[in-house]
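Worksheet: one structure, shown below.
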Amino acid sequence: IVAHDDMTTYRSWSGYGDELCWGALWLYRATGNEAYLTKARAAWDEFDLGTDAIQFSWDDKRAGCYGMVFLDMWGANRHCANVAYIALWAAQYGDQSKSDKYREWAQGQINILLGDSGHSFVDGTYSDDRNDYVHNEVACDYNAAFTGAIAALVELN
């Protein structure tokens, strides 16, 4: 993958590293070729894409590089777990022709939270700073769907 820093035709406010990572992840998903995953990991590290992913837009693909649902920086893992729970509910009570797909997708989201991404978001990855409400706030909507999704997955297995 080659990127050109041509500011005369395209102005990227976030840089091009996020597009390199996101594109490599899609190529890996489409082909299964590990070389693309290696390139994605290299771009992740080189361009420090693990910070400040607050949106997904035409210019900023950092949130797409996470591999999990990312809707907002406030309780980002909450959104991932909430949508996984909704997918599991839909698998149980919705369109049965898609239930396996919904369950597999939800399992993938929970697996990312539990550590498939290289570290667990559940075991205290963030520092225990009570003034950091963005990462450490405790609320029912942060925990209930995660617990519900885990319970649904345990029931399925």
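From the backbone N, Cα and C atoms, a Cβ is placed for every residue, glycine too.
Automated prediction, rather than curation, is the source of TrEMBL annotations.
The domain 'Glycoside hydrolase family 9' annotation in TrEMBL covers 8-66, 67-124. What TrEMBL lists as active site is Asp128, Glu137.
The domain 'Glycoside hydrolase family 9' (8-66) scores a mean pLDDT of 84 in the predicted structure. For the active-site residues Asp128, Glu137, the greatest number of Cβ atoms within 10 Å around a candidate Cβ is found at Glu137. Cα spacing between Glu137 (active site) and Asp128 (active site): 10 Å, rounded to the nearest whole number.
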